[in-house]
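Read the structure below first, then the notes.
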Amino acid sequence: MRYTGLFISLLSFVYAWGERAAALPHVMRYDVVRLRPQALKERARRSIYPEQLEYDLAVDGRNFTISLHKNMELLGKHYTLSHYTKDGISETKSSDNIDHCYYQGHVHNFEESSVSVGLCSGMEGFLRVKNQVYLIEPLEESLDGDHVIYKQEHLRTKQGQGAFGYINDTVYNLGPKSSGLYKGKNMKNKAPGGGQRIVEMVLVVDHTEYSKFGSFKKIEERMMLVANHVDKLYRPLNIRVRLVGLEIWSNRNLIDVSNIPNLTLRRFLQWRQDSLLKRKKHDNAHFVTAVDFEGTTVGLASVNAMCSPSSGAVNEDHNKNPIAVASTIAHEMGHNLGMSHDDSNCACSSDKGCVMSDTIGYVYPDSFSTCSQSSLKEFLQSYDTSCLLDVPNEGELYGGPVCGNAFVEKGEECDCGTVEECNNPCCNATTCRLTEGAHCAHGECCHNCQLKHSDSLCRKSAHDCDLDEYCTGESAFCPEDEYKMNGLPCNYNQGYCYNGQCPTHKEHCKMLWGSDAEVDADTCFRYNVFDRTSKSAEHMMCGKIYCYGGNPFPITNTKSTVTIHSRTCYIAVDSSPTDDLGMVPAGTKCGINKVCYHNLCQDISIYGTEDCSDKCNNRGVCNHERKCHCDPGWAPPYCDVQFSEQSVIIGVTASVVVLGLIIIIGALVCHRNKITEVRKKRSLKDIHTSSGQCNPAFQPGSAKNSPRFTQSRISQPTFLESSTTLACTPLYSPATPSRPAPMVKSLIYETKEHCANPLLPPTKPLPPSRPLPPLASKPVRGNCLLE
């Protein structure tokens, strides 16, 4: 739906930039433009910030038309703003129905264009036409509503850096502290509705940043503009970024903020685990500070950390223009999502760099390289990213269900985003309906708008504890990921399958300390008995894990050492209260037919002894949930029916049901006809006791052309569901009376009871009826109803 929005002509007045340099010390050269709004149409007046707007913009001697649409997914209905009083008391405000002023869009007639702006206090934000980036912002000292627009390369930056400097990732070893390394049996990594994922983000603003801007309003507007731009950058990757919380440390810092980013990151992530996660549900947290980090570093993040306790980053707000810190946050979030820095082998749509470049020259990038896209795909497949699959309910989206928001909601067959960004030939972006001839638009089992056959592989097994998944031929989406039955040997008998993984001591050491790490000697593991981590020597291989080699520090960034008989043993220290990565993972082999479970070395029968394969009819195997995982083309639960046969069975069943209903209806018709014939005979004797409206032989003038009184034709029955009261209209019978009925005028005198309860054939003569009332009496209105 396209609104005839607001057309504003931006008339450009070019001033000598030297005369205005004092007004914008952070910009070297700019043009001044003045906004002159025209009258709004009636529909647009209903909101201060309509859903769609258009602007005419003259810049660099060219006229552009900018089309904007409000970012309806920027905020959730449960967005909260928290700050602290002078007494250090936290105050949280929930804004369920906030009408924000942040927009995204494009430039007409330029496919390679992008716009993200805020309109709260004038226009501020980002505009790209092909490879040229412009930034626009209000001119603060102007009394006439002037704005400035300038090329991004004219923006002054932090000394010694490009647009946002070197993103120092010296702590790549601060990897994820995530249970996703060993996926739980209910873990889901596949996104519904065409792969859409959502990052629910919280921004935490420290006291130095608050002091720099001095008001909650300015901070909130700036951070929403930042979130809007980050969301715009990730939309092409089918990832939406929603701001679910903003916390402002208005009284004092709650952690020690150091100019050494490594220390600040470690403290912030610990505070997130200890405090923020316990009171605010979110997937990713970013710390924003005005502290000047040492060197050229402006951001730092842990890698592969999304959906884990370490999912977050620290970011220096190093420029007056908020697009700078937005670009930093997008870069650091990329590291959380498994992306590394681009190198010379990475293809980028811009010759000036992509989002994950290790150093950004003079352009704020708004695209991801081929390397970043590949890394993201690998991360989503390898780690537990189920937190990104929390697709919001209709009531949780700002503004409610909307066609064009990339979420398939009630009443929609598909949703491929806005008209400008939709490239799905199977989906009509305007109506969110499938195009003509299309049977699907999204999903692994949808190809060229058609459902794949039931023997089509849609998810190949990732390892020897995983199972292949095949399309069903009836759904566009791949069945849920399933694994081999727990307890089956794997990795050349080095381990046993456990919830889709093959955990071993060696693999866990490599994950903690790097690819060169090895399992330490039994001497070290005996310390588990000494410090009572394990009950006895029988269980010592299921306590703390000891490794040697690899990196100087584990991914937990903290280690401890134990010296036993002059041998130094190393332990990874993890402060997580639930999933301690320093312990041997559950399911790890600790002997022949023995596995670690609850830190005890137990018999493999702990997984259960039942093998359900016998009930799979030799067409499937038992999965980790002890259910049949059927061969291609065969349907669960017992793999005894083919998917194509299933459709036939459903069709036959439906036909039987329909036939049964027809027989029942026919019997009712016959029974009603018999009653009708008796009533017709009675009506010949005592015509005044029957209302014409309830008499099958009566045809009022208004109904003489009704199908009820024409030749009957039998067609396929149509079954409707209704909660309305049925009209009391006896079925028409082709039987004719033995003699013609006398003429009756179109007057209705019968009461409801006569129609609702037709009389049965009398067993004895009826008493004489009363004479008819005079013609002037009041007629009964309407049809008789069954009550």
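Each Cβ is built from the backbone N, Cα and C atoms, and glycine gets one as well.
Pulled from TrEMBL, these are the features on record:
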type	residues	note
DOMAIN	197-392	domain 'Peptidase M12B'
DISULFID	C307-C387	disulfide bond
DISULFID	C458-C478	disulfide bond
DOMAIN	608-640	domain 'EGF-like'
DISULFID	C612-C622	disulfide bond
DISULFID	C630-C639	disulfide bond
COMPBIAS	689-710	compositional bias 'Polar residues'
Mean of pLDDT values spanning the domain 'Peptidase M12B' (197-392): 91
C478 (disulfide bond) and C387 (disulfide bond), Cα-Cα, nearest whole angstrom: 19
Neighbour count (Cβ, 10 Å) for C639 (disulfide bond): 21
Integer Cα-Cα distance in angstrom, C630 (disulfide bond) to C478 (disulfide bond): 14
C458 (disulfide bond) and C307 (disulfide bond), Cα-Cα, nearest whole angstrom: 25
Alpha-carbon spacing, C639 (disulfide bond) to C478 (disulfide bond), which is rounded to whole Å: 17
Tally of residues which DSSP labels helix, strand or coil - the domain 'EGF-like' (608-640): 5 helix, 9 strand, 19 coil
Alpha-carbon distance [C622 (disulfide bond); C458 (disulfide bond)] in Å: 20
Integer Cα-Cα distance in angstrom, C478 (disulfide bond) to C622 (disulfide bond): 19
Cβ contacts of C612 (disulfide bond) (under 8 Å, same chain, 6 or more positions away): C622, R626, K627, C628
Densest Cβ neighbourhood among C307, C387, C458, C478, C622 (disulfide-bonded residues), 10 Å radius: C307
Three-class DSSP secondary structure - C387 (disulfide bond): helix
Neighbour count (Cβ, 10 Å) for C630 (disulfide bond): 25
